[in-house]
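Taken straight from TrEMBL:
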type     : residues : note
DOMAIN   : 43-278   : domain 'Protein root UVB sensitive/RUS'
DOMAIN   : 280-406  : domain 'Root UVB sensitive protein C-terminal'
TRANSMEM : 160-190  : transmembrane segment
TRANSMEM : 211-228  : transmembrane segment
TRANSMEM : 234-252  : transmembrane segment
Amino acid sequence: METDKGVVLATERYGSAESWKYVSKDGVMERRRDGSEGHSGGNSVFGVFKSVFLPQGYPESVSDDYLQYQFWDTMQAFSSSLSGTLATQASLRGFGVGNQEATVAAATVTWLFKDGTGMLGRILFAWRKGSKLDSEAKKWRLFADVLNDIAMFMEILAPYFPACFTFIVCTAGIFKSIVGVAGGATRAALTVHQARRDNMADISAKDGSQETLVNLAGLLVSLILIPLVTDNPVLTLCLFFLFTVLHLFANYKAVRSVVMETFNEARLSIVLQQYLKDKRILSPPEANQREPVFFEFGQTVPMKLGVRLQEIAQSPEDLQLALKENSMPYLLGIRNGCVCVCLGPEASASDEIRAMCQAVVLSNMLSSSNSREATGAALKQQKGHWEMVHESHKLMDAIFNPFLKGFPCTTPENLKNGY
């Protein structure tokens, strides 16, 4: 193809980015941007911003919800940075900065207590809840940010209670250590979700660049705020509550924008209940929209996958009841209000999925039984826990194969990784 500026030899494009053309003119091959010349300046600025702060190959290299999540994550990081400035200023005042009667030794001891309790809290939280952070990334992400706001509020109030200052800042330090573990772990889980070309490291690095830019902007705004809030506790609290509301709202919108394509307990329960209702498989956006992002204490029956046999059958009679109506390489039982699943060594991926689906069915049956506690006594007399287990075996025999075939990823191995 010939133009008034030369002969176009070839064109190239990387993903959905702008295209370039190679033009031959006077025996020389030149590389030019394909498009109107009037927009080249704007395109160049956007291209630099994109290469610095967005993963290579964006948007094809990330999930569809990436941009929306990062926008709200940026908003929450900015507001959290400003709230952190107010909390830091209050903490320094409580440690004795500006107080001639305060000693360096006392401030150092208090700081060490604060750091030490935080380290212990980090270890204990990772031990108790580390295995839950992957599957419940949204809930723990939101929980971490709420706890972070509570910790900063305690730090702001601590100087006004000098007798309890050490206790308050140590408690806030424990809260912040939990925030560090939960926030970092759930961010890693979200990075795995966002990566579409095995580019987790690139996404994580660019997320760090975005956060650094936001913190820099927060630092500049903080330089303006500090003279205004110094020795003005009313304004400090008003600004803190304003930033906290913005922080929590942005966090809620961020976790709501995430569309996870793998099953956790909540999403499996939502999809399975809908299938039992009208034989329809919900899409990932539909299931994620219905997924709760706050912890619902006492409203669901807990489930344990991969327990010891003793937690299901504590006598030969229990073992016989667990084997009744069961032809699968796993056993289910209800113990202390919890649905337990014991997997056999020959259990396949399909068996594990079926066991989890059956546990969800049992959990829903128990939840509905507990919600009708007024009439629950008669129900429990007619139908014990083992009868519920036997009925769930029959139900899964009837629905599991059609349910499994309703997903685009029809193989069990693929279904375990996403749907």
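Each Cβ is built from the backbone N, Cα and C atoms, and glycine gets one as well.
Per-residue confidence over the domain 'Root UVB sensitive protein C-terminal' (280-406) averages out at a pLDDT of 84.
Across the domain 'Root UVB sensitive protein C-terminal' (280-406), DSSP helix (H, G, I), strand (E, B) and coil residues number 72 helix, 15 strand, 40 coil. Beyond its flanks by at least six residues, the transmembrane segment (234-252) meets 72-73, 75-76, 79-80, 82-83, 86-87, 89-90, 141-142, 145-146, 149, 152-153, 156, 225, 228, 293 of its own chain at Cβ-Cβ distances under 8 Å. Long-range contacts of the transmembrane segment (160-190) within the same chain, counting only residues at least 6 positions beyond its ends with a Cβ under 8 Å from a Cβ of the stretch, are 69, 91, 94, 110, 113-115, 117-122, 125-126, 129-130, 133-134, 137-138, 140-141, 143-145, 147-148, 150-152, 154, 204, 207, 233, 258. With a cut-off of 8 Å between Cβ atoms, the residues of this chain six or more beyond the transmembrane segment (211-228) that come close are 53, 74, 77-78, 81-82, 84-86, 89, 235, 239.
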